[in-house]
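Report on the structure given below.
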Amino acid sequence: MTENNEKVKNSDSANNQSSKNSKFNFNFEDKKVKCAKTILIIIFLAFLSFQMRAQTADMGFTTNEQYLDVFSDDNGRMYLTALDPYYYLRMSENYLENGHTGDTLKNIDGQQVPWDSYKYGPTGARATFNLLSVVTVWVYQVWHAMDSTVTLMNAAFWVPAILSMFLITPIFFTVRRITSSDIGGAVAAILASLSPSIFVKTVAGFSDTPILEILPLLFIVWFIIEAIHYSKEKNYKSLIYGLLATLMLALYPFMWSAWWYGYYIVIAFLVIYAIYKGISYNSIAKYTKSKNNNHKDKIESEKLEMLNILKISGLFIIGGAVLITALYGVSTTMNALQAPLNYLGLDEVSSQTGWPNVLTTVSELDTASLDEIISSSLGSIHLFAIGLIGIFLSLFRKVLTPVKQISNGLAEKLDIKYALLLIIWFAVTFLAASKGVRFVALMVPPLSIGVGIFVGFIEQFIKNNLDKKYEYVAYPTIAIIVLYALFTIYRADSADLVRMLLPSNYVPIAEGIMLASLAVLIIYKVAELIAESNKKLVMNKIFMILLAIGLITPTIATIVPFYSVPTYNDGWGESLEWINTQTPNNSVVTCWWDNGHIYTWKTDRMVTFDGSSQNTPRAYWVGRAFSTSNESLANGIFRMLASSGDKAYTTDSVLIKKTGSIKNTVDVLNEILPLTKSDAQKALKNSSYKFTDTEVSEILDATHPKVTNPDYLITYNRMTSIASVWSYFGNWDFNLPAGTSRSEREAGSFQGLQTYATNINDTLIVRSLIQQTAEYNIYTLIEVRNETLTGAMMAVTNDGQMQTQQLNMHKVKLMVNENGKSKMYNSLADPDGQLSLLIKVDKNSIIGTDGSNNPVYSSSSWMATANLEDSVYSKLHFFDGEGLDTIKLEKESLDPTANGVQPGFKVFSVDYGNYSK
């Protein structure tokens with residue numbers, strides 16, 4: 001036993017003796033008592049995690065009952081939030097109904113494989129097994145057995161909150177193993193569970209995989225640390241924990257496709273640490289042999305530890321690879337070798353395929369700044385810094401090593417194992433976070449463990465040095481931290497202090513268990529403090545509790561209250577239900593990819609692409625169809641995608657092989673898709689590429705197929721807001737170098753304007769605010785009199801002075817609805833203008849009168865970049881398909897998710913016409 005360990009042992013013995021000689025006969029150091037306390041801590045932390053996430057169910061984002069009804073089911077239970085949860089909800093429905101995650105089985109190489117017919121229509125894709133769907137079905141079956149009104153969506157809503165309860169266990173025990181501190185483990189567990197980047201994507205309602213991306217690695221690290229801890233003992237504990245880590249690794253691919261990152265972190269640690277222990281053992285052995293020192297037992301202990309570490313390393317590295325290969329196939333293992341290189345290319349503008357890289361516009365994959373990484377990890381730079389300090393402090397554990405200055409040939413040195421693992425873990429995840437804000441959550445566990453180590457180190461340091469004066473520095477420091485925490489709460493919202501203790505009462509039993517376990521722990525701690533005869537130790541324990549409160553309170557304050565508005569709603573549901581009941585089963589829904597998972601779930605119809613297939617050539621084609629003003633081209637694109645998918649431009653297609661490039665293939669397709677089949681045939685035969693008759697026939701089978709699938713388009717208000725994204729891809733210039741920045745490429749956009757429309761003396765007057773400053777406002781003033789449209793710009797100062805000038809818009813487009821009919825007015829105002837004005841006035845909807853009793857009409861207007869003024873999307877969403885011959889508005893309903901037109905969720909049918917003639 002080393003001197004340091006003797007000191008700790010003596011201190012613990014003193015504490016034990018103090019407890020036994022206390023005012024009570026109750027022994028707080030009894031193993032059963034400690035075990036019960038640990039169980040209570042775990043229960044409290046687990047239900048605290050659950051309760052914080054239950055806040056979303058309270059639907060506190062509004063008090064409007066009508067608005068609440070739109071975002072909840074018939075039983076008042078909130079819909080799922082975000083987008084991806086609806087994919088897993090559909091997979092859960094398939095698993096419940098079919099026993100696998102596909103909606104059907106497909107014969108591939110003689111095997112019946114679960115198949116998802118709806119995603120990436122009409123091709124479909126293999127349906128992969130996922131643990132989230134299994135857990136969702138389990139929760140549903142248990143809950144539905146008790147309450148028949150429970151739906152699968154209701155069960156899915158609570159799955160992330162339930163799974164989050166398991167986050168705290170590995171974090172708590174990892175920190176306690178390193179520091180022997182319960183309070184340090186509790187702080188780390190709370191910070192990890194409630195950190196912003198993890199919390200927002202694991203709240204109730206966000207039934208997605210982020211929780212499963214983190215959870216397995218936490219258990220793997222905990223088991224590896226336990227395996228290393230027992231590596232000096234002559235028992236099987238070390239190998240048992242190593243086996244548990246390996247088995248958890250084998251489950252990881254079920255939960256996340258990027259499982260390999262955790263595998264590489266642990267491999268790096270085990271390899272480096274095994275090498276280090278080998279060098280250390282040889283050094284000790286050689287030194288003691290040369291000095292003829294009698295340290296046989298210690299040398300044997302070092303040897304045993306080294307051999308066990310080698311066994312653990314082999315079991316995890318080789319055994320893990322074998323298990324994963326056996327369970328998932330060689331391709332999964334081989335993909336893990338290539339995956340890190342693919343990850344490093346996330347921010348490339350153009351993918352290696354030659355098509356634009358959609359991932360560059362996915363917000364959660366935006367490159368994160370250092371400030372964003374720090375604020376999104378633990379919530380503040382202070383906790384971030386404390387986490388790093390804690391990782392450094394994990395070095396301060398002692399092990400034996402030979403030094404010539406010590407007479408017995410052996411001395412103590414820093415133990416690197418915990419610091420080594422945490423440093424590797426932090427470094428890898430920090431690199432990941434720098435590549436995209438989505439990955440900041442991966443960095444939270446090592447930082448949280450670092451904070452827990454910091455707390456545990458402070459606790460042990462003061463406890464082991466009660467006879468010194470360190471408390472005169474430590475206690476004021478802790479007091480400052482507590483005061484800072486209280487100031488943070490006050491600055492945020494002092495009215496929410498009660499809600500920090502009672503964040504949600506939506507699940508009374510969970511609230512009761514959390515409060516009951518907390519009450520018992522408080523009683524236990526108060527009794528322990530009263531029983532303690534060592535007053536300095538009492539002060540130490542009190543100040544450590546205050547330190548813990550001071551560290552976790554600001555984080556809790558930032559997430560209480562917390563609300564999240566669902567994306568899906570009854571307005572959308574009305575139109576999607578129409579698709580489900582009124583369209584053929586082979587119909588395809590085409591829209592931008594973001595809502596694709598919702599559409600497949602609700603309509604039971606194929607979609608062109610969705611959140612799992614956004615980074616494909618279809619981003620260009622769908623963007624092209626919506627941004628072009630050529631209706632025939634848009635129609636041809638919709639027909640091709642809905643009926644033959646990617647067949648025309650796959651890597652083994654005639655066009656790619658014959659033209660030699662994606663650019664040339666795109667040029668040919670843009671030329672022939674607007675044409676009838678006979679005209680397209682002529683164009684191909686006259687092409688400089690000299691296509692043979694067979695090749696022409698194969699191309700036309702893809703672009704002008706004999707058998708087509710009906711296509712239905714969806715537009716919605718948020719699609720207006722993200723026009724700069726889909727038009728960016730739709731206007732992609734393949735002639736530009738692959739690395740051309742986004743600012744150098746063409747895109748378009750829309751901006752909603754405040755609009756006022758009235759009728760004065762038989763003149764329709766529409767005023768739109770286009771610029772607002774502290775001194776003046778600028779409006780566009782559009783008038784329609786005697787079927788003639790005129791316009792001007794008008795500046796109005798704060799004191800009422802007005803100045804008019806010529807309208808500098810490229811074009812003004814105005815649609816007036818009256819008596820069930822629509823009339824379009826078009827005016828080219830300024831040929832050199834870069835912006836256009838799109839206006840819609842509904843004379844059938846009078847929303848009030850002005851001071852002269854003139855009617856005020858429902859109206860809306862948008863500023864559009866000139867390249868989108870006549871786009872298919874503009875005609876669809878703003879003007880209900882007016883001006884289009886082959887695309888017809890079929891259904892429209894409320895869209896409460898974003899500002900814009902109402903009804904703002906629209907469904908259109910596409911008539912392919914006589915394309916085949």
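Each Cβ is built from the backbone N, Cα and C atoms, and glycine gets one as well.
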Motif 'MI motif' range according to Swiss-Prot, out of 511-518, 719-726, 775-782: 719-726
297-300, 301-304, 361-364, 569-572 - the range that Swiss-Prot marks as motif 'TIXE motif': 361-364
Spatially closest candidate among ASP84, LYS201, ILE722, the listed recorded sites, to ARG438 (glycophospholipid binding site) (Cα to Cα): LYS201
List of residues, in chain order, with Cβ under 8 A from that of ASP84 (site 'Interacts with target acceptor peptide in protein substrate') and at least 6 apart: ASP208, THR209, HIS597, GLY611
Inter-residue C-alpha distance, ILE722 (site 'Interacts with target acceptor peptide in protein substrate') and LYS201 (site 'Important for catalytic activity') (nearest angstrom): 22
Stretch-level contact, the transmembrane segment (183-203) and the transmembrane segment (39-59), CB cutoff 8 A, at least 3 pairs: yes
Set of same-chain residues at least 6 away whose C-beta sits under 8 angstroms from LYS201 (site 'Important for catalytic activity'): PRO160, ASP208, PRO210, ILE211, ALA441
Positions on the same chain near the transmembrane segment (39-59), where near means CB under 8 A and six or more residues out: 68, 71-72, 77-78, 81, 157, 160-162, 164-169, 172, 182, 185-186, 189-190, 193-194, 199, 202-206, 503-504, 506-507, 510-511, 513-514, 517-518, 520-521, 524, 556, 559-564
Mapped DSSP class for ARG438 (glycophospholipid binding site), helix or strand or coil: helix
For the recorded positions ARG438, ILE722, the one whose C-beta sees the most other C-beta atoms within 10 angstroms: ARG438
